[in-house]
Amino acid sequence: MGDLDSSSSSTYPKYLEHLSGDGKAIGVLTSGGDAQGMNAAVRAVVRMGIYTGAKVYFIYEGYQGLVDGGSNIVEAKWDCVSSILQVGGTIIGSARCKAFRSREGRLKAACNLARLGITNLCVIGGDGSLTGANLFRKEWSGLLEELARNGDIDNDTLQKYSYLNVVGMVGSIDNDFCGTDMTIGTDSALHRIIEVVDAIMTTAQSHQRTFVLEVMGRHCGYLALVSALACGADWVFLPESPPEEDWEENMCLKLSENRARKKRLNIIIVSEGAIDLQNKPITSEKIKDLVVKNLGFDTRVTILGHVQRGGTPSAFDRILASRMGVEAVIALLEATPETPACVVSLRGNQAVRLPLMECVEMTQDVQKAMDERRFKEAVKLRGRRFEGNLNTYKRLAIKLPDEKIVKSNCNVAVINVGAPAAGMNAAVRSAVRVGIADGHKMFAIYDGFEGFANGQIKEIGWADVGGWTGQGGSILGTKRTLPGKYLEKIAEQMHSHSINALLIIGGFEAYLGLLELAAAREKHEAFCVPMIMVPATVSNNVPGSDFSIGADTALNTITDTCDRIKQSASGTKRRVFIIETMGGYCGYLANMGGLAAGADAAYIFEEPFGIGDLQSNVMHLTEKMKTSIQRGLVLRNESCSVNYTTDFIYQLYSEEGKGVFDCRKNVLGHMQQGGAPSPFDRNFGTKISAKAMEWISAKLKGSQGTGKKFVSDDSICVLGICKRDLLFQPVAELKKDTDFEHRIPKVQWWLKLRPIMKILAKYEASYDMSDTGKLEPLQHHGDL
């Protein structure tokens with residue numbers, strides 16, 4: 001892991017030679033509304049560009065800076081983007097620009113770029129900004145010919161810079177761009193909204209109040225919908241899916257029913273662009289007046305406004321933007337004159353390139369469908385994920401009267417197993433409510449398999465799980481105990497409570513427990529029922545899923561702590577911090593935390609290291625102390641090495657860095673398991689658990705009245721996200737993919753991101769580009 005000499009921009013590793021940026025120049029600009037995470041994207045573009053040997057230029061104030069030129073277009077150096085990962089907004093500024101809309105303005109912009117030899121443009125913004133960039137690319141050769149005719153550039157410049165490459169990244173808190181699962185800034189905006197909602201819920205509960213919360217989203221209801229899912233709101237208003245004609249009466253009925261169930265508060269979330277079926281606005285004030293007039297409830301309105309755009313970016317947005325920035329540079333350097341403008345996007349956990357204008361056109365089609373009151377089509381155009389969110393919200397928020405629910409005569413039990421993980425309670429709430437809606441009787445098992453054996457089983461109702469989404473830990477109680485020694489007792493309990501299916505929410509212990517229950521089916525008939533596991537652990541080490549409930553919350557805790565620690569070092573120069581993270585043998589938290597916090601190194605079990613690597617890192621940090629960035633951050637996974645402990649690394653760094661830098665260490669410990677769940681974990685838990693219950697219902701429905709025993713492998717599964725898809729995988733088939741000794745999957749997708757962290761920290765790294773390079777067709781992906 002040698003140090004990369006950035007003093008010469010032509011230094012790049014041999015394995016990136018086909019990606020050489022030598023003689024190339026990249027311009028990066030942010031345009032339109034700002035979004036948290038834009039700075040992480042700018043940092044990644046600058047550092048990846050310099051890494052490949054290209055010159056990278058900041059274009060200040062968006063397209064206005066492009067038109068004005070001069071001091072608005074400045075070459076960026078490696079150190080220019082230090083300490084910006086955790087900063088919201090955009091350090092290079094963003095401005096609306098009328099001049100660029102005219103050909104005359106674009107002519108000036110082309111002249112400014114051509115004179116500096118910039119023929120690669122990376123634009124971070126919304127659909128308007130990206131449309132402008134594509135028009136500029138199309139006109140480029142004509143603009144240069146006109147400049148040559150006018151004598152503004154010479155013929156050599158005309159020939160040398162004859163085409164412009166454009167790559168876009170979508171920075172928008174509204175998540176209103178078709179083709180991508182998440183736009184840069186959306187997750188951070190959800191963090192701001194949920195922070196406010198959680199705070200409001202405590203005061204609303206005290207006074208038995210109704211709160212109407214208005215969130216951003218003039219043309220897109222994503223923020224409103226997902227925050228409604230994340231906090232269990234009573235009602236939500238979206239531009240894409242207006243309420244039915246008699247919505248006033250229905251909403252008031254729902255609010256009064258909830259109060260009658262002893263619910264002390266009501267939360268109504270309104271998208272700022274909410275409309276009725278006649279395309280007339282539904283304002284937060286109108287809703288407040290309606291509630292006061294019809295129900296007499298004490299009602300308050302809170303308009304969140306620009307709070308949603310502000311603050312520090314979440315871990316998800318930092319990682320997303322860093323990945324997009326690296327991918328954007330690769331796309332620009334691989335582009336030819338024939339390459340159409342593309343947008344770098346996220347599908348599942350994969351970075352993809354999509355045709356820019358097709359995405360823009362589909363985004364505009366959504367608005368057109370809304371304008372023409374084709375609302376069902378508008379929801380479909382938003383994609384399967386949006387449609388799925390809406391359907392899940394409706395199922396969980398509105399309970400049908402008991403007499404309208406078709407009873408299945410089946411009992412389904414839910415259990416938490418392993419260490420607590422934020423988001424477990426959201427998963428339980430979702431399972432209970434979907435189960436009741438499907439006609440099942442739902443049972444909660446308390447204190448894991450031990451509680452199961454001791455008969456700690458109780459029926460749980462719709463109202464019992466109200467308000468659970470935002471609560472951390474495990475309300476049902478959870479233990480690491482495996483079922484092995486309690487099999488007889490557990491089988492008895494399943495028989496006496498007539499349990500027809502089991503949903504297990506937990507980590508690696510839950511996975512092992514599921515294997516033990518599967519093996520015991522021959523001996524115990526009670527286990528011949530559908531069983532499914534939903535992964536929930538901060539370690540993110542469950543085979544069969546790329547993500548686990550709780551890992552995102554833990555990652556945000558690590559990132560926030562690293563930010564504070566780095567800030568403390570700004571006053572005390574020449575200091576290196578060594579931080580130990582959880583995860584068992586799985587290095588997910590250390591690696592991704594390192595990427596999100598801008599660490600210099602992250603030591604993990606999956607990538608063995610020796611004393612030579614440690615010395616190399618010390619030398620790297622010694623060199624770093626000679627620059628303007630006089631602090632270092634090193635993350636260590638708790639079980640990465642038996643001998644190279646946190647204390648050992650701390651002592652080695654202290655000794656080797658003597659006279660150059662001093663060291664501090666910090667073991668984060670159980671704070672990574674605590675706290676309120678992040679918006680991602682609330683929604684992931686809610687949606688994956690709902691899917692698990694749908695699977696159980698389908699299995700039970702197929703066997704109704706037949707007395708069928710479930711003995712096949714496909715009736716005992718792990719439900720997880722793999723790449724872009726939601727997969728039900730038989731636990732028996734996952735055994736071959738599991739390293740049981742170290743409690744991790746044999747193949748882990750996130751290891752592919754490890755080189756990005758190293759490159760952005762100025763180390764040489766071999767970047768696996770097998771997944772990059774193809775422009776993909778635009779289609780809807782994603783089950784969640």
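Cβ atoms here come from the backbone N, Cα and C positions, even for glycine.
Note that TrEMBL annotation is computational and uncurated.
Record features, source TrEMBL:
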- 1-398: region 'N-terminal catalytic PFK domain 1' (REGION)
- 26-331: domain 'Phosphofructokinase' (DOMAIN)
- GLY33, ARG96, CYS97, GLY126, ASP127, GLY128, SER129: ATP binding site (BINDING)
- ASP127: Mg(2+) binding site (BINDING)
- 411-696: domain 'Phosphofructokinase' (DOMAIN)
- 411-784: region 'C-terminal regulatory PFK domain 2' (REGION)
- ARG480, 537-541, ARG575, 582-584, GLU638, ARG664, 670-673, ARG743: beta-D-fructose 2,6-bisphosphate binding site (BINDING)
Self-check item: Candidate with the highest Cβ count within 10 Å, taken from the binding-site residues SER129, SER539, GLN673
Solution: SER539
Quiz item: So of all those binding-site residues, ARG480, ARG575, GLN673, which one's Cα sits nearest to CYS97 (ATP binding site)?
Solution: ARG575
Exercise. Could you say which of the binding-site residues ARG96, ARG575, HIS670 has its Cβ with the most other Cβ atoms inside 10 Å?
Key: ARG575
Quiz item: From the centroid of the CB atoms of GLY33, ARG96, CYS97, GLY126, ASP127, GLY128, SER129, the recorded ATP site, which same-chain residues not already listed sit within 8 A by their CB, in sequence order?
Solution: SER31, GLY32, GLY62, GLY125, GLY132
Quiz item: What is the Cβ neighbour count of CYS97 (ATP binding site) at a 10 Å cut-off, with all protein chains included?
Solution: 21
Exercise. Out of the binding-site residues ARG480, HIS670, GLN673, give me the one sitting nearest to GLY126 (ATP binding site) by CA distance.
Key: GLN673
Quiz item: How long is the line from the C-alpha of ARG96 (ATP binding site) to the C-alpha of GLN673 (beta-D-fructose 2,6-bisphosphate binding site), rounded to the nearest angstrom?
Solution: 43
Quiz item: When you measure from the Cβ of GLY33 (ATP binding site), how many other Cβ atoms are you left with inside 10 Å?
Solution: 19
Exercise. Taking the Cβ of GLY584 (beta-D-fructose 2,6-bisphosphate binding site) as the reference point, list residues of the same chain whose Cβ is under 8 angstroms away and which are at least six residues distant in sequence.
Key: PHE508, SER539, ASN541, GLU638, SER639, HIS742, ARG743, ILE744
Practice problem: Over the region 'C-terminal regulatory PFK domain 2' (411-784), work out the mean pLDDT and round it to an integer. | Solution: 92
Self-check item: Neighbour-count leader, CB within 10 A, binding-site residues: GLY126, GLY128
Solution: GLY126
Quiz item: Including all protein chains displayed, how many Cβ atoms other than that of ASP127 (ATP binding site) lie within 10 Å of its Cβ?
Solution: 23
Exercise. Report, in whole Å, the straight Cα-to-Cα distance of GLN673 (beta-D-fructose 2,6-bisphosphate binding site) from GLY33 (ATP binding site).
Key: 35
Self-check item: Recorded ATP site residues GLY33, ARG96, CYS97, GLY126, ASP127, GLY128, SER129, farthest C-alpha pair in Å
Solution: 15
Self-check item: Candidate nearest GLY128 (ATP binding site) in space, where candidates are the binding-site residues ARG480, ARG575, HIS670, GLN673 and distance is Cα-Cα
Solution: GLN673
Quiz item: Looking at Cβ-Cβ distances, which residues of the chain lie under 8 angstroms from ARG480 (beta-D-fructose 2,6-bisphosphate binding site) while being 6 or more apart from it?
Solution: VAL417, GLY418, ALA419, GLY448, GLU509
Quiz item: How long is the line from the C-alpha of ASP127 (ATP binding site) to the C-alpha of ARG575 (beta-D-fructose 2,6-bisphosphate binding site), rounded to the nearest angstrom?
Solution: 43
